[in-house]
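Visitor: Relevant sequence annotations retrieved from Swiss-Prot are reproduced here:
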- 562, 566, 663, 667: Zn(2+) binding site (BINDING)
């Protein structure tokens, strides 16, 4: 059975059991700072399990793209060396949100494995938590698994509920026992059943984990039963495929065999069992899907993990003898294997290959040199000693070698690495990274009240709003006094809280003698708006009723920029291509700053086309329309979902002109309200990411007027109409070039004339050699050199030293020696001798040298010393 069939049968089976098939979520967890990458099927349902989010369904099934590389869950160093470790894998799962529980979960799993996949029942073993009699009885009495193949696993990790068969999301929160299903490969494979001393062998392989969330654990460790227990299951596609295809290693399944063959093709390797081919085949999956989800190789965060994986693959290619770019050529093979299941891969395949090709080129420039440095360092390491941290850091900092890549190479050579030394060298960078990753001060404030009702789509002023919480310096208080900075939470507000790149509103909260100036609005928790500012007058208490008034002018400017951003995004995709995806944005009253995926600078023509498209939509003055609908319906209707944003089952869809996006921000009523759109800058911010800044409305008008003033001034200076300025400037440039050429010719003639005079008046003879040393005023260094060349030809055999002092106090020196004398006198030595006396340095060839200095007062004596210096050397 092919891997694609296994995946399809799994989803179809659970769909037949009333489950909704939910597409794989992004590898970038939405709004979850605790995870670097999505690493299991339950990640996208985390808020559903904890009760923070409701879905339209209670049963779900998915095939979730997952990555374990970096952070707590990191399999990177084992990939390629074991049968079952991967950076990228697919997790098949079924989930119940307070619907069915253990009985159905166990029965569904058994039915799928034995009736759909037709695995022999006698090959399946199960484990249950030691105290989970309910699960044990279902397996034994209802499913009919013999007692000898049901194993109870207790608290085997040193603490209460610390067990391979007890799962918990965190130290507190939902948790519960789990039941794992194992497949017995048979006695010809070494290993024992789970819980035995030989459990680490490959005979008994876990293929499915059924988690039963039935408790809520508090900070004291107390367990309370959940009123609506849930089910979370996970089965690795690669593992079940190995079982169904009768192989013992995941790398032997059909999907990997085709990728390994492709890697062998691109590296010229004949031995398909080579571990390096396994590494490359695994890594192309992780790298491609990370790029699909918007991650670009970089030196921080998720981008750095991607860079590490790419470079590890390239290093293994280099190890196989492939020193030219090859990794990106595996993308079509990956699309052939996985593009049907994940159409998002096929849609951006060209972009994926392009990003990988650029990273290959970037690393290829340093790989060979870095390997020489590493090989040299390893050759000096004494037996039993580690590679020092300084070398590790040099390879990382100078040659782009991720430290785990270096450690990987060292492991192959039997050498440990000095991680402590490396960490010491990295301390400053780590501190900077930690500082950059901190939350804003307002986020995460303790709050247990109702969410804030947002009324700001329709109104900028709202009376009768009630204060539900107050905070001063992060501490919840009952009252705020005049002059204090504070955060105010209201039951309802017209103030927009910063989200989706749009800045928060400012304005006033007032009542009687109370006046609170709102400087910013942020969400302190999902759905809870914190109004940051200063109490300018009065005393403010929890429970007070206020009038909330948004700064209307500032909001109007902000919404113009936000609506223009939507139109610009659509226009960029039309002009540059569908690969353009938002990578970040900032929308404030002054501008819109938009980061997007694109690999080359935009041309002036492309920018002009974007401006024309957006302004055409503005002039059309179409009404904007916002609708609330189901997420699936919105996407089917063509709404664009933005990278990195988290969406619930119900979303707000904004139609503005020819653009349709999911957006919770505030916008203009009609496109004409934008007034005018103008791009003011375009540039790169990272590899594969460009940034546009644009302005709208009165800001755009003021910018155009300022440009017009500058244009008119330039026209006045050049005495030409504005529309003729390009031609007039070109004429002036040509005239300038001609004048510069004439000036150069005049200088040359003047220098020749001066040289003739010098030859006649300043030359002395020393032991049959003509010596000329003179200072000739302010002469261009280039002309000075020409004079020395002419004098050498005229006086030979000769030694010539000319000096020129400029008006700004700089001295230029040029020395020349005819070829027949360079065996005894070097021009470089001569110039160095003179330059040292005037506070400078000099040097050059034996026959011609240049130098300089700054001490004009010492120049006459320095020039006069040349004759004696030459005499001493002849």
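One-based numbering along the chain as shown.
Positions of Cβ are set from backbone N, Cα and C atoms, glycine also.
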Visitor: List, in sequence order, the residues of the same chain other than 562, 566, 663, 667 whose Cβ lies within 8 Å of the centroid of the Cβ atoms of the recorded Zn(2+) site.
Guide: 502, 559, 563, 565, 654, 656, 661, 665, 666
Visitor: Give the sequence-ordered list of residues that share a chain with residue 566 (Zn(2+) binding site), lie 6 or more positions from it, and have CB atoms under 8 Å from its CB.
Guide: 654, 656, 657, 659, 661, 663, 667
Visitor: Among the binding-site residues 562, 667, which residue has the largest number of other Cβ atoms within 10 Å of its own Cβ?
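Guide: Compared across 562, 667, the most Cβ atoms within 10 Å surround 562.
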Visitor: Within 10 Å of the Cβ of residue 663 (Zn(2+) binding site), how many other Cβ atoms can you find? Include all protein chains, please.
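Guide: For residue 663 (Zn(2+) binding site), the 10 Å Cβ neighbour count is 27.
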Visitor: For residue 566 (Zn(2+) binding site), name the DSSP secondary structure in the helix/strand/coil scheme.
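Guide: In the DSSP reduction, residue 566 (Zn(2+) binding site) maps to helix.
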